[in-house]
Amino acid sequence: MSYPMHWGEWILNFRVPPAGVFGVAFLARVALVFYGVFQDRTLLVRYTDIDYHVFTDAARFVTEGRSPYLRATYRYTPLLSWLLTPNVYLSELFGKFLFISCDLLTAFLLYRLLLLKGLGRRQACGYCVFWLLNPLPMAVSSRGNADSIVASLVLSTLYFIEKRLIACAAVFYGFAVHMKMYPVTYILPIALHLRPERDDDERLRQARFSFQARLYDFLRRLCSWAVLLFVAVAGLTFVALSFGFYYKYGWEFLEHTYFYHLTRRDIRHNFSPYFYMLYLTAESKWSFTLGIAAFLPQFILLSAASFAYYRDLVFCCFLHTSIFVTFNKVCTSQYFLWYLCLLPLVMPLVRMPWKRAVVLLLFWFIGQALWLAPAYVLEFQGKNTFLFIWLAGLFFLLINCSILIQIISHYKEDRLTERIKYD
């Protein structure tokens, strides 16, 4: 009797030289950057992301000694505008090359992490193909989206945790949270992962203790040296960046970098299941309360995932990001990159038949297509299709939840993911 081949065995059937794959991925991204120049000059629909022009304008204000927040709709850390000042001094393409470089750095970190997990070079590179030759990250970074920077910071954090360099990991984590708010959800699984684990005999003795005693023991182990070091260094990094930019730019830095994203209620159509509710209640006195209440499902699911899967930190962070994006108040296509950059690390431990994986992938694209159809009619024909967009968003939510359930049910924790002692 033959068993269905899972995607790990399917990848092993290919001989993938790492240098060749990275070279092709680099050339493809460079070609897309220059194609974007051509399309921007010749076609009505521009290739370059509108946010890239916002970044460049903000960088221009920085070069003039003024605030980047003089540019309307700039809702990012000033650090990004500082990094893109060569857009003004050298070439407007500098930022795109920076983003595709971070894109490739993300792939390299994926490769190194897979090697640390015990995979061979050929198999590790085979999994990296799902990022290197994925058209979505290729298009997003070459269009001028900065999410590849955050992806590389998140992967750097996980890499240095695996290498047991806790202080280095904490520095990168502090930068990641400063650049984007979503990695802050990783702090609980990271802390649980770094705390010392009890042996079997200690577990048996602990089971006879009261709830208060078990809670005290849990908190005591949570205050281990590794956890305290990580929290202290990450906190100092984040606070130092925030204090420095607050000193220079004042309240507008806090408002546009942090508070805007915490209280954001985007009533424009997007993939979020909440958008239609927020759209209909935009003028209601309950609008703000409903927006805050939307965090509750995220909080419950993220907490459950943390305690269930913290031993495999990479898998736990993948679940965290997928849950955060799926149940967020705002969800656009670029948000998918937040968890797709972790998918190659998860794939070796998800023993799923490749045919089922292909079916799930097709459903994922079908869900987006069903949403894009009424969204196109709304944007370009001006017809009221909000209800259909919302229903398509609910269907896409169902698809994403089904995919997550399938990934969890086929997840097999390997011996390669055994706990590392940090103390």
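Every residue, even glycine, has its Cβ placed from backbone N, Cα and C.
A quick note: this is a predicted structure, and the numbers were derived from the prediction, not measured.
What Swiss-Prot says about this one:
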TOPO_DOM  1-17  topological domain 'Cytoplasmic'
TRANSMEM  18-38  transmembrane segment
TOPO_DOM  39-89  topological domain 'Lumenal'
TRANSMEM  90-110  transmembrane segment
TOPO_DOM  111-169  topological domain 'Cytoplasmic'
TRANSMEM  170-190  transmembrane segment
TOPO_DOM  191-224  topological domain 'Lumenal'
TRANSMEM  225-245  transmembrane segment
TOPO_DOM  246-287  topological domain 'Cytoplasmic'
TRANSMEM  288-308  transmembrane segment
TOPO_DOM  309-329  topological domain 'Lumenal'
TRANSMEM  330-350  transmembrane segment
TOPO_DOM  351-357  topological domain 'Cytoplasmic'
TRANSMEM  358-378  transmembrane segment
TOPO_DOM  379-384  topological domain 'Lumenal'
TRANSMEM  385-405  transmembrane segment
TOPO_DOM  406-423  topological domain 'Cytoplasmic'
Helix, strand and coil residues within the topological domain 'Lumenal' (379-384) as assigned by DSSP: 3 helix, 0 strand, 3 coil
Distal contacts, the transmembrane segment (358-378) - CB-CB under 8 A, six or more residues away: 269, 271, 333, 384-386, 388-389, 392-393, 395-396, 399-400, 402-403, 406
PLDDT averaged over every residue in the topological domain 'Lumenal' (39-89): 91
Counts of helix, strand and coil residues, the topological domain 'Cytoplasmic' (111-169), according to DSSP: 47 helix, 0 strand, 12 coil
Selection from 18-38, 170-190, 385-405, the stretch that has most Cβ pairs under 8 A to the transmembrane segment (288-308): 170-190
Residues of the parent chain within Cβ reach of the topological domain 'Lumenal' (309-329), under 8 Å, 6 or more residues beyond its termini: 113, 154, 158, 161, 182, 185-186, 188-190, 192-193, 264-266, 272-275, 278, 291, 294-295, 297-298, 301-302, 335-336, 338-339, 342-343, 345-346, 349, 397, 400-401, 404, 408, 411, 413, 417, 419
